[in-house]
Structure formats: C-alpha cells, structure tokens
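What follows is a short report on a single structure.
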Amino acid sequence: MAEAAIELVGISKSFGAVRANRDINLEVQKGTIHGIIGENGAGKSTLMSILYGFYQADQGEIRVNGKPTVIRSPNDAIANGIGMVHQHFMLVDNFTVLENVILGAESNALLNSSISKARAELKRLEQEYSLFVEPDAVIEELPVGLQQRVEILKALYRGAEILILDEPTGVLTPPEADHLFRILKQLKEQGKTIVLITHKLREIMAITDNVSVMRQGTMVATRETAKTTVEELAELMVGRRVLLRVEKGEPALGAVKLSVRNLTVKDSRGVTMVEDVSFDIRAGEIVGIAGVAGNGQSELLEAISGVRKAVSGTVTLDGKPIDLTGAADPGELRDRGLAHVPEDRHHVGLVLAFEENENSILGYHDKPHYLNGPFLNIEAIRRDAKEKIEKYDIRPSDCRLKTANFSGGNQQKIVLAREIERDPGVLIVGQPTRGVDVGAIEFIHRRLIDMRDQGKAVLVVSVELDEIRSLSDRILVMFAGRVVGERGPDATEGELGLLMAGVEQQEAAE
Amino acid sequence: MSTPYAKLPRWADYGLIPLINLLVAFAVAGLVVLLVGENPFRAAVILVDGAFGSGPGIAYTLFYATSFIFTGLAVAVAFHGGLFNIGGEGQAYFAGLGVALACLPFDGFLPWYLIFLLAILCSAVFGALWALIPAYLQAKRGSHIVITTIMFNFIASSLMVYMLVDVLKPTGSMAPQTRQFLEGAQLPRLGFLFDYIGMKVRPSVPLNISFLLALFMAFLVWVLIWRTKLGYEIRTMGFSPKAARYAGISETRIIIVTMLISGALAGMMAMNPIMGDQHNVPLDFVAGAGFVGIAVALMGRSHPAGIVPAAILFGMLYQGGAELSFEMPSISRDMIVIIQGLVILFAGALEHMFRPAVQAMFASVSPKSVGVVAAKGEGA
C-alpha cells in the first residue's frame, strides 16, 4: 500500500439541522487520482471545503502526509500543500494570467520582483507539466479551458502537492475535457495527488485510480476504479439500481409542429447570440441541441418561447407565426400548445419562495379551474398539486412546503409535471437534468420519451452530451450562435465534440 | 448545500425573532437613556404605562396605530410586488384633498356614514392618483420608484401648502386650513367602547371608527395577496420578475395596479386625523405616518397579521413617548425618534442578525422540529 497523502477520520459537519457530512473516513493515496462521486447535495463539496479550510469540521481529524493537521483557512491548506480549483473560477477577469497567479502570493509591496520571479516560475511549471498559457494574456480574453489552466497553475505556483478539482469539466467542451485529463495524468506522473469531485460517472471511469462514493452525507464505498463498473457506482450513488440509458423505439414522425426560419437574436448587450438558425421539429420526435454553454442556446429558447425579442426570422407553431417582437404573451403561446421548461428553474421556471402548490400553477394561474372569479380556488389548486406530486413521485409529498426546500431533481419534476400535464403539442426543455440527481434523471428522460411517443414535438437543449445522445432522434450542434451541423442519434461523441468546438466550421471557412 | 441554515418553526420565525430584535432595540435605547442621565427602567415604565396604563392612553395608542396600519399596509402591498413605495407620506397628504372633497360640500346635510363611504372612496382615489405617476414612470420609463415617490412627497407638500393657503382657507381666517367640518363629516369616536371594560375615556380622545376600517383593510389585504389571482401575480412579480415574464404576467400592468392599491391604502390614512380628530384639513396632518409605515411593514414582515401589532407598537411609542417627554423633561421628543430608529434598525435592517444563533439553538434542542433533512435526503 502506498503512503496516504490525505486521511480524513470521522469527519462530521452540520449546518443547523442539516447534517452535510456524517462520520466520513477517506484515504487518498499519494500520487493517485482519487474520484469523489455523489449526487447533488450528497456532501462532496462540503467535505472538500473542510479540507480546504472554508469550513471547520464539527468532529474528526484531518491528516496530511500522516501528520494530524488543523486547517482553519485556505491559507493553512496552501501551507500544507493543498490547492483547489473551484467549479466557478476565482480569477480577476481584467488581470493578466501572471497577475492572477501571483494574486495573494505577492512577496513584497512592490510587484516588480514578484512578477519577474513568477514569470520564471511559470515558465518552469509550463515546461514541467506542458501547461502552456500566455502569461500576459488578459483572463477575460481566454477561453474557459485556458482559464481553468490558470487556476491549476495558481495552485501549483503556491506549491500544491495535492490538488482538489471541483466539477472541473462542467464548463468544458469534450476536447477541452480530454485535454484536462491529459494534464491531470501528467501531474500524477510527476507525483502530485489529485482529488476529483464530479457527478459524471464517465469521467471517473476514464481517469481515476480510486473512487469514493458519497450519499446523503455519508461515505458509502471506496472502490478501485479498475475493479468497478459504471452500473455499480450508479447504484451506490442512488442507493438502488438505475437505468443509465433510456430505451426508446423508432420515432413515428408526424406533421411539422414547430418551424424556425433564419432566426437571429441579440442579447441585452446587443451582441448577436443566434445567427440565421433554421430547423423544423415534427410531431413524434425529439430534437436535441448540443453545444457548450453560452453558444446561443439560451437565447434561442427564449426567442421561441416568446420571452426574448428576435432581430429577424420567423417561428411558426402549427403553421401560424409566433410574435417575435418581444411583445408575445407567453400565456397565449401556452394556450396554443407550446410548453416551456426553462433552463433556469430557480429564477424563471419556479418562484422558490412559493409553496409547491403555488408553483404548480405558475403560467396557468389564469385558467378557470384554478379560479373562483378573481379569487384563487385554493382547494382545486392543492388537489391538483397533490395529484401531480403523486404522479411524478415528487418528494417530500407536501404541497404546502416551500419550493426552495425541495432538491434539484424534485424541483425539476415540479416544473415538468406542470408543463407536461397540460398536454402541450410542443414541449421545449432547457437543460432537463441540470443539477438533478441520477435517480431523477432516469425518470425525467422517461417522461420526455413518453411525450414523444404520444406524438408530441420535443426540443431539448442540453450541455450534457450524453443526455442529448441518449434522448434525441436528431441532433443539432450550435456553435457561436449558428447551427454548425446536424447528426443522427448514432453520432459519436468525438464527432459531436469537434462540432461543438467549432472545428469543422473553421475548416470549412479556410 | 443550498440551505446553509435550517428552517425555523413558524412561531419562532414570526414571534420569537421579532421579540428578540425588539428587546435588543429597547436595551440599546435604555443605554441612551442612561447616557442622558435618567433611569432607563423608570423611563420604560412611564412609556408603557403612558401607552397602556389607562383607557385614554390605550385609545390614543390605537388612534396613532390606525394611521400606521393604513400606511404599513400600503408599503407592504408594494413590497409584495417588489416595489418600494416611499411615497406613502405624500399620497396620504394629497388624499387630504379627497377627504376635503367628500366632506366640505356635503357635511351640512348628509349623514356621517354616507360621507364616510364617500371619503373612503375619495381618499383612496386621490392617494392612488398620487401613486399613479411614479408607477407609470417606473413601468414605462424605468424611473426608479424610490426616487420618484420621494420626489412626489415634496411635490405633495408644496401643493398642499398652496391649496390650504390660497384655495381652501376660508377668507378672513388666519390658519392655513379648511373650515371646520360640520357634524356630518365627523367620524364617530370609539371611546364609549372602553366603558364596557370599565375604563373611562373622555369623548375628546380621537380614536374613531376608521380604526375598524383599518382592521378591515388589513383583512382585505390578506385576501388580496394570498387569495386572489391578482395577489398571486403581484407576489410572483415581487419574488422574480423573470418568472413573472415567463408566466405571461405583464410587468407594466402589475407595477401600476400594485402602486394604485398601495397609494389608495396610504390615502385612506388621511381620514383618521382629518375626520376623526381635527375636523378640518390642516397643514402637515400626516406627520410622518407615511414613513413610520415603512418601519411597520418591515417589522410586520409585510403580513397584515404582523402589521397590526407592529402599528400598535409604534402607536405605543408615539403615545408613551409623549408621556415620557412630559414626565422626564431631559428626554425630548427626539429621544422617541431615536428609539423608533433603533426599532427600525434592529427589526428591519438587522432582522437576520440573531437568526443563525436562534437556528443553531433550535437545531441543538430539537433537530426534528426544524425538519429540513427529510426534504434533502429523499431526492428521488
């Protein structure tokens, strides 16, 4: 057995009554990549925040290289050789790479000497780990993949021997993610220890040596990656067997339900986000839009659902045009059979401060059976909410509970139940399973396929490539506001990944 | 890890925490009294006794509270819609014209209840009108409602001076106010009710029937906010304008309607001092009630069931404070303003200061009562 770089013994942490971590034991071997996997809210981030000194454990001991260590702040963590790459980068956008690297590690009041020292050190790190980034580039001008590299460099610059990465691939294209994995492997070969937090099983299998599974604040198992399977890990995470890929039959195509022609949309700053996009969706099919976040998918959805003004182009629903001037009434579109599950359920699809039953009528609150004249028909609303809770297995099954107290998966089910139960002809769904636990993903995918099988037209936008490939009958790839390719459901990940990175388009332009 | 702190039981949320905030406010106020060189405990006794110790004391407390209920409700309705109506002062002041319009032409021959109904209508309409312009500017032009409503307070103030001095003042009178109302426009006083509980209240104590109207309005506001489609739309807008847009709720319409209701509620406050007490429309009859309404709404957490007691609390500070400055000359009326300020500071701005501690205490005493773990763990 190799030496342990980190040992956590009996770590517990509560927030009020929520026990985020319960008696956690973890041993990470030196020079390995150790994955920590678990659903949202399983306590992974809390555990790592304790290790990095953001929180103090209520109980338990941390040992770094065999020595009991007290970590009270990130500075203590860094002093002990622990570095962290956050999910949301902690970079100053308008600073250069070099300035960001030395931020907080300036050796004296005048920056000159620090900067020249840092420049030399960066060069060394680059060569050692082939982590090249232009030191004088300004952060906001770098693509996310490179920004992440700066985060890693920051940690290495501070002498990190142990690197914690929190959901590092969430913002990356598949090629960028692959590159990151190559970097991580190289770091491992140089003797660094890496802790990788993720909820993506595929990444765990691809890169880790060992994997620990967390569920509901406890550490349920640690496995050698080579000796486990995706199915076993999924089962450990959820606590029961899960189907990772939904079964679906051949689509039974019907008439064109939704037709988008030459649609161009600008965002609030006036930047063109969607450019000349055209496609059709027929009854009985699921069309998936793949792409890295921020390539115009959000704006496309908003324009189609009538909440964002389009610059030009047309969208027709059942042959009749949709008002794209920004003055469209989403209520009227609902009446015409267009249901929309927005990407941002926290601010758009739900009002988190509302009781569950109040959210179950959002957008349909003016329908006669929820009303008695100007008054809400509270009884009907709650009865209706209870039926949906039952049918969609929303937990806890309390329609008076504040929506904020439901987990991500259950919140998404509240939105889906509301939109699907109105029996729309067209359903557009943004990020159907973002922040949703594995168990609920299966359920949500099943419902979407059911909709398709009932002859509805379904448009799914997702940054999860696996999800797009698993659900879609046709896949459109968006890059920089354009649809750069259409593929069938059997397209390989590599092929889609290249499209998502805009590679093919660049080649075509040359 | 979306909820760092667990939920509290309702009674603690709405009872215990405001109480703690209040006690701290009074403790700090006590220190100030000490600095002035008076005994804070004696001051507290005088204050509470002045407000609640006698029939007239209670009646005065409730008289002041009446105004604060109206203005508190006005602020609360706007809060629910995500709007901060600071203009209650001006809306109530302008509504004084509506009251005058209802009273002056008719007080000679209509019975009080008809004039009362007419005055409710007129004061509400005038208050709403004064809120309409800022509402329109916010909805259509994006001019911030806080700024415009503040400015409208000043405009109302100047306008009322002009109206009272140059238009409504009877010729030959020295006082910048309307003529004295006749009996038809004088609201029945409620002092007689105290006879039933064995307390004597002079008929000159101005607690009047608009107190009952205020309570009724509190009920109506509850119905509006939590039981009507409009209230649902107002709350959706207040919590999340994006969700409102998504749900097909027109922002323009909700901003305007919410502010009209808010202004109408503030406007009704005018009846209390005018028809219940002064029996004329004087200068500055609002006397800060519009601003106190902000504190009342904050302290009452924008819920009518919280606003009524909060208004009574501020009524107590007004009434008891008057007694206090009478009994202890070294404590001026300004001291009362300081105490009010401290209450606002602790109940409003620092509302959440003691929450983590209280929550930790609850969690350690009875984890079950806090009950959020269940919601977390069972993720399907």
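Each Cβ is built from the backbone N, Cα and C atoms, and glycine gets one as well.
Note: TrEMBL annotation is automatic and uncurated.
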Stretch carrying transmembrane segment according to TrEMBL (options B:89-106, B:305-322): B:305-322
Folded-back contacts onto the transmembrane segment (B:205-225), same chain, C-beta under 8 angstroms, at least six residues removed: 56, 59-60, 62-63, 65-66, 69-70, 73, 76-77, 80, 116, 120, 187-191, 231, 234-235, 261, 265, 268, 271-273, 275-277, 303-305, 307-308, 311
Beyond the flanks of the transmembrane segment (B:254-275) by 6 or more, those residues with Cβ under 8 Å of it: 63, 66-67, 70-71, 73-75, 77-78, 80-81, 83, 85, 87-89, 91-96, 98-100, 103, 115-116, 119-120, 123-132, 134-136, 138-139, 145, 181, 185-187, 206, 208, 210-211, 213-214, 217, 221, 224, 230, 233-234, 237, 244, 281, 285-287, 289-290, 293
Best-contacting stretch, by C-beta pairs under 8 Å, relative to the transmembrane segment (B:57-79) and drawn from B:12-37, B:145-165, B:281-298, B:334-354: B:281-298
Beyond the flanks of the transmembrane segment (B:305-322) by 6 or more, those residues with Cβ under 8 Å of it: 14, 18, 22, 46-52, 57, 60-66, 68-69, 72-73, 76, 214-215, 218, 222, 292, 295-297, 299, 333, 335-336, 339-340, 343, 347
